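Engineer: If you scroll down you'll find the structure; I have some questions about it.
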Amino acid sequence: MADHLIGGVFEQVEVLHPRANRGQDAPLDALLVGATILDIRRRGKYLWCDLGDSALFIHLGMSGQVLIGEPGTCTSPHLRIRAEVSGREVAFVDQRTFGRWLHTPLVGGIPAPVAHVALDPLEADFDVAATARRIRAKKSAVKTVLLDQTVVSGIGNIYADEALWQAGILPTRRASSLRQRDVVSLLDAAADVMRRALDAGGTSFDALYVNVNGASGYFSRSLNAYGQEGRPCRRCGTPIRRVSFQNRSTHYCPACQKL
């Protein structure tokens, strides 16, 4: 998005489905038209366009896509918002309508809906040691803590399994029982997994997950744990096990994830 939109000016905004702009009192076009995109930032799964004193907050929900192209390019039946930014079409496509766009004030440079969300491992200000201490203060299973957006953001179910596999830590291990150095290694693994996933365009299992040009990511080919049930662990050869843990699928190696 940054490559296409920074410096651009909103020229038109059309909301095509009310849920895509729920919670907004004023018409979105009145709030955005004429505004310049100064920067595009991300924290965890949240995106925003920095407009100076305010922001366009974008939550993709379960199926949201931001597609950028020539005007009139997007013909999806799930198109919810269409905007034009300096001659480029910015289309918000969302099949399940859980996502939304919201014009919101910035509080300390962060949109109000993101104020409660912890930093993610790829942010420049992310403090690995301090985050490790917060994780170790929790008595829940370490995977549960990794998915707590108030502790650390952006990891999610797939990358939690991958980071735990890479660090050799059992997902059900109580976070408070881990050593500081083990949690630091886990956070380093999470950052590595996320960085490699971004380089690969993300993890696309179906057409709902694409980049701004509509292309799917291919990190799913590099997964070591998630979705690998029954396949040999790439580290030790033991079949990967899948369990249902707190209403989520969790994948791990029972032999080499011993910590």
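Keep in mind that glycine also has a Cβ here, set from the backbone N, Cα and C atoms.
Unlike curated entries, TrEMBL annotations are predicted automatically.
TrEMBL feature annotations, pasted as is:
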DOMAIN    1-99  domain 'Formamidopyrimidine-DNA glycosylase catalytic'
DOMAIN    224-258  domain 'FPG-type'
Engineer: Which whole number is the mean pLDDT over the domain 'Formamidopyrimidine-DNA glycosylase catalytic' (1-99)?
Structural biologist: 96
Engineer: On the DSSP side of things, how many residues of the domain 'Formamidopyrimidine-DNA glycosylase catalytic' (1-99) fall into helix, strand and coil, could you say?
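Structural biologist: Summed over the domain 'Formamidopyrimidine-DNA glycosylase catalytic' (1-99), the classes give 13 helix, 44 strand, 42 coil.
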